[in-house]
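Taken from TrEMBL as is:
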- A:58-242: domain 'ABC transmembrane type-1' (DOMAIN)
- A:7-26: transmembrane segment (TRANSMEM)
- A:66-85: transmembrane segment (TRANSMEM)
- A:97-118: transmembrane segment (TRANSMEM)
- A:124-144: transmembrane segment (TRANSMEM)
- A:165-185: transmembrane segment (TRANSMEM)
- A:216-246: transmembrane segment (TRANSMEM)
Amino acid sequence: MSLKRLAGYGPAVVLTVAIFLLWELVVRANLVNSHLLPAPIAIMQALVDNWDVLSVHTLQTSLETVLGLAIATVFGLGLAILLDLSPWIRKSVYPLLITSQTIPMVALAPLLVIWFGLDLTPKIIVVTLYCFFPIAVACADGLASTDPELMKLLHSMRASRWQTLWLVRLPGALPSFFSGLRIAATYSVTGAIVGEYVAAEQGLGLYMKTSASSNAIVLVFAAIVVTALLSLFLFGLVSLIEYIALPWQQRFGQKR
Amino acid sequence: MHDPQKDDLKLVVKGVTRTFSAGRRQLEALAPLDLTVGQGEFVSLIGPSGCGKSTLFNIVAGVDTPTTGAVAIEGDWQGERAGKVGYMPQQPLLLPWRTAEENVMLGLDVRRVPQKEARQQAHELLKRFGLLEFADSYPATLSGGMRQRIALLRTILFNASFLLLDEPFGALDALTRITLQMWLLDLLESFHSSVLFITHDVREAILLSDRIYVLSARPASVLRIVDVDLPRPRRQQMLAEARAVELEQELILLLMKEQPL
Ligand SMILES: Nc1ncnc2c1ncn2[C@@H]1O[C@H](COP(=O)(O)OP(=O)(O)OP(=O)(O)O)[C@@H](O)[C@H]1O
Ligand SMILES: [Mg+2]
């Protein structure tokens, strides 16, 4: 990464540090009860002290997240291609898709536990339900925005429908697909935690729930920090994959 | 001179019209239009902007169908036209995720030529026309003139025998344009292509063509057909010869009458 790009993160770093500094000072000055709102340094301390337990839960949550995200990617891509097949399919399936996003996950998650039990499956389903939508919508939009002139060119070459999709439309939709995937990646960890919060044997959601019910607020915060870091890591990972997969886009500035 | 019934013509367009319906209004883009291109002939169309030139190209390329009239490529009035022409649309339309070489081989990918062979053919073509150093560049890094060359090679690799070139040099500066005109002539020389060429530039039409069709304002009909009897190989200097200058004046006067005020 170039120095210039690193410098671009400067303002964000400064702001973050400032907020944490203010928080630390407010707690230390006894303006709030440090048991109800632990200071950042105390949270970090708790995180390090409890890492042996936390790491097991983190691993579980990561596994659910990554599996759910992977399934959502395949599912979202497939759905985008399906929506693209004909205006009729688009018209009939799109409203259903949007409706699926209005179902409150906290209501659905307990049902999933009843249907699928306590292990991985219900969490993976929750993550998938959270994540497939932004991927499918972004990708479908990308496919729909193919330059009609380009379609004419392929038509003049007598390309089949699948050739047009494979040679021109899907590669052209990749930047949109990655924007969708980045949004999905940020949602995904939250999805897994919601699933675990309802019922689980392991995972950060369960850890937060048990810590909260035993009044160990500092541990809840420690788990939140891990969650945030995990989300950021996934976001970064998707950006990295995009950077490697689309060399033509990044290296020469976003032309087009 | 040219008998439209003859089968050895590359292209025959007979009484073609095209009417677009935009809401309740009907928009007539082509009046009945007749046109021929002989084997190995270079034919240019010049006409005012928006008169229907690209519309005609879409029809010839098999991307659009005429409202009335018929089109024959190599004497075939019935068959599918798509796939039988090398069509270069008005914008270069290079794929930004493919390198220059991969863009050149697009037509072969569509034809399902094995990757290795397609790549080799594209590579040889780039080499032959002096573009090898750009083979691995992405379009975003290329100059406008270079992009047009790549788009031309892509068109030729798909189908060199009959080319439809829609204003390929329209967006280039004068010097690049002259360089590319000479480069194109060189290219056509080695492929013996038949060409239908759209341009707004009268001098370009004279320099490149065997025949020029002057089209009217929309709906396009043929105003005049002129033969350009300059010897080949053509050179830029020939435009200064008396008969070329005369022709240029004649064509410009003709086109001025078609230009809306
Ligand atoms: N699909 C379409 N639907 C409706 N009208 C169209 C369509 N395609 C073209 N037209 C109209 O037909 C007319 C001719 O368009 P065309 O693109 O063929 O012109 P042109 O001669 O190529 O112009 P230019 O020199 O600017 O490229 C224009 O008025 C255009 O608005
Ligand atoms: Mg045009």
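Including glycine, each Cβ sits where the backbone N, Cα and C put it.
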Legend entry - Maximum Cβ pairs under 8 Å to the transmembrane segment (A:124-144) - stretch from the list A:7-26, A:66-85, A:97-118, A:165-185: A:66-85
Inset, instruction - Compare A:7-26, A:97-118, A:165-185 by their Cβ pairs under 8 Å to the transmembrane segment (A:216-246) and return the stretch that comes out on top. - result: A:165-185
Inset, instruction - Spell out yes or no: are there three or more C-beta pairs under 8 angstroms between the transmembrane segment (A:165-185) and the transmembrane segment (A:7-26), with each pair 6 or more apart in sequence? - result: no
Inset, instruction - Could you give the residue numbers and ranges of same-chain residues that sit at least 6 residues beyond the transmembrane segment (A:97-118) on either side and whose C-beta is under 8 angstroms from one of its C-beta atoms? - result: 79, 125-126, 129-130, 133, 136-137, 191, 194-195, 197-201
